[in-house]
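Visitor: Questions regarding the structure given below will be posed in turn.
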Amino acid sequence: MSGTRAYNILVLPGDGIGPEVMAEAIKVLRTFNSSSMQFHLQEELIGGISIDTHGHSVTQPVKDAAVAADAVLFAAVGGSKVDHIRRGLDGPEGGLLQVRKAMDIYANLRPCSVDVPSREIARDFSPFRQEVIEGVDFVVVRENCGGAYFGKKVEEENYAMDEWGYSTTEIQRIARLAAELALRHDPPWPVISLDKANVLASSRLWRRVVENTISVEYPQVKLVHQLADSASLIMATDPRVLNGVILADNTFGDMLSDQAGSLIGTLGVLPSASLDGLPHPGKQEKVRGLYEPTHGSAPTIAGKNIANPTAMILCVSLMFRYSFNMENEARQIEDAVRAVLDRGLRTPDLGGNSSTQEFGDAVVAALQGKY
């Protein structure tokens, strides 16, 4: 069809509640199909279900499909019968690590704002006093392809070791992305870089390269170096101090982004994006990305139609924003989710009695102006 923009998306539902929440995200995505925009979906196996079917947490054809796709939607893995005997890259979670590595999506972004998905959710579920979390607005930018998670490993009966290495090139590219993201705000957000330069050699290199890269190439961006453990304390006591772009390596970024979920009160509503760059504002271009909720596979509630699809639906919003440079559509989804939550339609984890499908249907109705 002439003038139709086509987007090829790889869909990886995975294990546990993954297929259920993914179905609702796809339902939302399909509402944007039109004469000018079409989404072509390819669904494949990953995680425990892939091990059960193929003997591997992810197959080479799936990794190839991820590299070829314009974007990847991933739900959850784990909770399978092989979890206790298959670990690392051989286990269910290893499939996701392999896909990230194959795609070279080196930057993981986890936004944290009291306004997304809903101020009402933060008010009702955050364990923090409202005056502590009021105004919290930051994004954790985590290096996604290096560090301890991908380094050499030794695991013996009485000794184990994880190599925690980084190169200058790996640090430079994530520092540049963090600075570019900071510049998208007016005035520019600060970049708060986390490390343990007082004890770790890799962190000393991290601090030096981040300093040299941002101070020279992005002088208009304020750069703050913060020890990671100190940042964790700040996040628990005065989180607005961290407003801006929090830049961290794979390990510290993983920890701090999960802690950020406690400010909102639940990981069940928070999406994340893993990218190989950022789109240029105002241009019709595609950036390779993988989008996943921050929650797990929740096998104890799988198949019961009670899982919360909010985070998975918001992954579609992030995909529109970062892979397809479609800010208006991204905001439409966020506004629709907020409208549904603020009117009290919630799944059991948020104190409601709505089903997974009912929540997805309500978001679609809100997008269509019928809610």
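Yeah, the Cβs are placed from backbone N, Cα and C, and that goes for glycine too.
Small disclaimer: the values here were computed from a predicted structure and weren't measured.
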Visitor: Let me know which member of Arg142, Arg176, Arg184 Swiss-Prot also records as binding substrate at the site of Arg100, Arg110, Asp229.
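Guide: When Swiss-Prot describes the substrate site, the candidate it includes is Arg142.
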Visitor: At 10 angstroms around each C-beta, which of the recorded positions Arg100, Arg110, Arg142, Lys196 has the fewest other C-beta atoms nearby?
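Guide: Lys196, out of the recorded positions Arg100, Arg110, Arg142, Lys196, has the fewest neighbouring Cβ atoms within 10 Å.
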Visitor: Can you tell me the three-state DSSP label for Arg110 (substrate binding site)?
Guide: strand
Visitor: Please report the distance from the Cα of Ser297 (NAD(+) binding site) to the Cα of Arg142 (substrate binding site), rounded to the nearest angstrom.
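Guide: Counting only the Cα atoms, the answer is 22 Å.
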Visitor: Please report the distance from the Cα of Tyr149 (site 'Important for catalysis') to the Cα of Asp254 (Mg(2+) binding site), rounded to the nearest angstrom.
Guide: 10
Visitor: Counting across all protein chains present, how many other Cβ atoms fall within 10 Å of the Cβ of Asp258 (Mg(2+) binding site)?
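Guide: I count 14 other Cβ atoms within 10 Å of it.
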Visitor: How many other Cβ atoms are found within 10 Å of the Cβ atom of Gly91 (NAD(+) binding site), counting all protein chains shown?
Guide: 21
